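What TrEMBL says about this protein:
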type     : residues : note
TRANSMEM : 28-47    : transmembrane segment
TRANSMEM : 81-112   : transmembrane segment
TRANSMEM : 167-186  : transmembrane segment
REGION   : 194-229  : region 'Disordered'
COMPBIAS : 203-212  : compositional bias 'Low complexity'
TRANSMEM : 255-279  : transmembrane segment
TRANSMEM : 285-305  : transmembrane segment
TRANSMEM : 317-335  : transmembrane segment
TRANSMEM : 341-367  : transmembrane segment
TRANSMEM : 379-399  : transmembrane segment
TRANSMEM : 405-422  : transmembrane segment
Amino acid sequence: MALTHKRDYGWWLGATTTDMLGRSSQNLALPFIIVGVTGSTAVAGNIQTLGLIARLSVILLGGVLIDRMDRRHAMYLRGTIGAVLWGILAVLIMLDIVPLWGIAAIVLLVSISDGLFGLADNVALRSIMRDPKEYVQARGMSQARDAVVQVSGEPIGGLLYNLGKSVPFFFASACLAFMTFCAHMIRADLRPRPADEEKENPEGATATDTAAGAGGTGNSSTEGGETSRHPIRAALADTVFGFRYLFGEPRLRRLVIANTFIGSGMAAVICAVNFHLISLEYTPLQISLLSVLYAVMMMLGAMLASRLSPRLPGGKTIALAVLGMTGISTLAVFFHDYSQLLFFLGIYGLFTPFIGTMLGGYTFSIIPTELQGRTSSAASILEYGLTAFMPLITGNLVYGGNPQLAFSIGVVLNGFAFLLLLNRHVLSIGTPSTWEVA
C-alpha cells in the first residue's frame, strides 16, 4: 500500500470510526431520554421508526447528490449538521428543557442528513484505494474496526450516560466534528470520475491536482442543459439509472439480489436468537454475551479476510461463505439452547466478513466512482426494505411458540442467496487483482 494511500486511509478510518462511536453513544442514550420525558417505550420506538423512515425516504436522492458532488463536501455537510444538532440536544438536556417535539425534530433532521449524505464516506474509500487488491484489504481492516466498535460502542455510551444524561450527545457532536476534520485531512481527490478516466489513471489524484477536471461527474441521462432546465426530471432519471445499472448486467444483478438475501438472513438469525432467548427469560447480560462473541469472531474473520482475500477467488469464496452461513442457520433450527446458540453465532460471525470483503469489495471495485452514490442507495433500499420486516416476522413467530420457524427464515434467505451464487458468471470471479471497472 503506497504511503499516501496509508495516510489517507488512516484519516478515513479515523473519520468513520469516530462517526460510529458517536452513533453508538447517542443510539444507546436516546431511548432513555425519550422514556424519561414521556414515560413510554412505545413513543421511543415510534420516534426511532420515524427517523428510519425519514432516512430511507431520501436515500435515493442522496445517491444522486453524492454522484454530483465532491464526497468530501458531503462528509463536511453531514458532520457539521450532525454536530450542531446533537450539540443543541445536549445543551437542552443539560438545561433540563427537553420538549418531545424538539427531540423528534432533531432526530428527523439528523436522519434526513444521514440519508442524503451518509453514503459519502463508504463511496470515498474507493477514491482513496483505487487498486482493487488494496481496496479489498482496506475493506477487511474496516470490518475488523466495525467489530471492535460493536463490542465497545455501547459500553462507552453507557459509561458516558452514567456521567450525565447530556454527555453522550456532547460526545456524538464532538465525534462528528472530528469526522469533518479527518475528511479535510484526506489528500485524495474525492470527486466522482468517469470510468474511462479511472482506467487511464487508476492510481487517482490528490485533491490539489488540477487535472481532475471540473468535478467530472459522468451521467446516465442528464447532461448540461437538461440538468439545469429540468432538475427534478434529471434527478429522477439518475435515480432510475442506479437501479438499471445494478440490474443491467447478469453477474451484478445476481450479486445485488444475493446480498439482499444475505443481509436479511443475517438479521433474521440475530433477531430469532434474541427473541427466543428473551422468551426463555435470559437476562440482558447473558444475551449481550452472544453479541460480544459474535463481534469478536467477526473481528477475527475480518483479519483473516483482509490477509487471505488478495489470493482467494472472489466468486467461490462468497459462495462457500454463504454455504457455511446456511449450514449454521440450519443447525440452529434443531439445536437452539443457550450454549448451542453461543457456538453457532460465533461461527456465523467468522463467515460474515468474507461476504463484506469479497462481495462488497467486488461490486465497489467494478462500479465507476461516478455511479457509486446512486448504485449504493439503490442497493440499500433493496436490502433495508426486506431487512425491516425481520424483527416483525421472527418476533411474532417466537411469540406464537414457533422458534423453529423463526430460525428457518434465516435458512430460507441464506439458501436463496446460495442458489443465486451458483452461477458460472459469479463463480468465475477471480482474485481482486483481476477486478476492473466495468
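Cβ coordinates come from backbone N, Cα and C, glycine included.
Those TrEMBL annotations? Automatic predictions, nothing curated.
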Under 8 Å between C-beta atoms and at least six residues away from its ends: which parts of the chain pack against the transmembrane segment (255-279)?
246-247, 286-287, 290, 294, 318, 322, 325, 329, 332, 336, 338, 341, 345, 348, 352, 355, 359-360, 362-363, 379, 382-383, 386-387, 390-391, 393-395, 397-399, 403, 406-407, 409-414, 416-417, 420-421, 426
Stretch in 167-186, 285-305, 317-335, 379-399, 405-422 most in contact with the transmembrane segment (81-112), if contact is a CB pair under 8 A
167-186
Annotated stretches the transmembrane segment (341-367) and the transmembrane segment (285-305) touching (3 or more Cβ pairs under 8 Å)
yes
